[in-house]
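Undergrad: What TrEMBL records for 4-42 is domain 'F-box'. What TrEMBL records for 94-254 is domain 'F-box/LRR-repeat protein 15/At3g58940/PEG3-like LRR'. Under the heading domain 'FBD', TrEMBL lists 353-396.
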Amino acid sequence: MDKISGLSDDLLVKILSFVPTKVAVSTTVLSKRWECLWMWVPTLEYDDFEDINTDIKDMYRVSVHKNLISHRAPIIESLRLKFCLGSLQPEDIKQWVSIAVSHCVRVLSITSLSDDKPDSALPSSLYTSKTLVTLKLEGNKILVDVPPTVCLPSLTTLQLSCVTYLDEASLRMLLSNCPVLEDLVIERDTADDNAKGLVVAVPSLQRLSLQIDGGCCSYDGYVIDTPSLMYFKVEDYRDRDGFSYLIKDMPKLEEADIAVKYGLQEFLESVTSVKRLSIKVLFNNEEESMYCSCIVFSQLKRLKLSICNDDWSKLLFRLLKDSPKLRVLNLHRASRYQRFDEYERSSWDNEWSVTPNCLLKTLETFEYSGCMGRPEERAFLSFFFNNARCLKSTSILR
């Protein structure tokens, strides 16, 4: 008897859980003993792009449906469905997710990227699952239609990437009925997703990431009420007119990553407690490079600033001046956004007439990537190295 045949069924199922689902299913031809082993594997993944070619996509649907119907594991730890070739039909998602919910699915990931199919609604049973811990949905053909009975008591991670909502209330209703939600990712790329304004009011939330496309998204206001938040990331490249953020106090926030076109001050006012801060602002005027003088980052230890405009030194000076405990400074030049206006030495000298306290007492590490050797850069570096009294590590790369 070979060594594999001597292993227990439980151990063989464990081994099969580490290989792609299509490989696990193919083991049925090995012997009678192997015919049903794969049906107990708790992790399943179906990807039409990886598994098939376009000539047999209808057969693939039938095969996936048959596999899920015959699955025997009492608990599906993870089910990942990714369809890019148009093989997925609207009724498929509802049926397959219903099967997964009946098997107490814990991690569910669905990606549907086909443009030629109608919206695929999810079964109402998904929104009342007591075992679901992670839910990831991607694709504007996925319809988020939240029933009044929604309650996801175990959901801690939710990712909604460019999906379509039934109406404006759907997202709000979903978030308000996830009592232990900790990690939320929302990506929007069209005003046709029916969400309009965005309200994130989740007391338990610890990590929040928002990605809003600049050219085609709704200009309704956003409200963020997350008192337990520790990490906040926002990428919002919409134009300035017609949108606003209302961000309530986030006293536990430790890290923020802000990439915006306008409205920097609205965000900085809400992240003054952070220890790590990353900023990228695609503005082209002096007004947008400044912020209210009352803002102080009293706990900030690490700062990363992406240089995308000609007013970068004004913003950098303010940030250094308002960060008395800063230890690490990272500058990155995003040259593809650069305008290269004429450099005025007298204006620069006026800005840096007073040395920020962090240069004299706390700053230990300086990193600069994408340095182009322009006059304002050379002036800054000269000033910096003449005044950085505690510097221990330096890296400057082109």
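We number each residue from 1, going along the chain as drawn.
Cβ from N, Cα, C; glycine included.
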Undergrad: Which value does the mean pLDDT take for the domain 'F-box' (4-42) in this predicted structure?
TA: 73
Undergrad: Per DSSP, how many helix, strand and coil residues does the domain 'FBD' (353-396) have?
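TA: Grouping H, G, I as helix and E, B as strand yields 18 helix, 9 strand, 17 coil.
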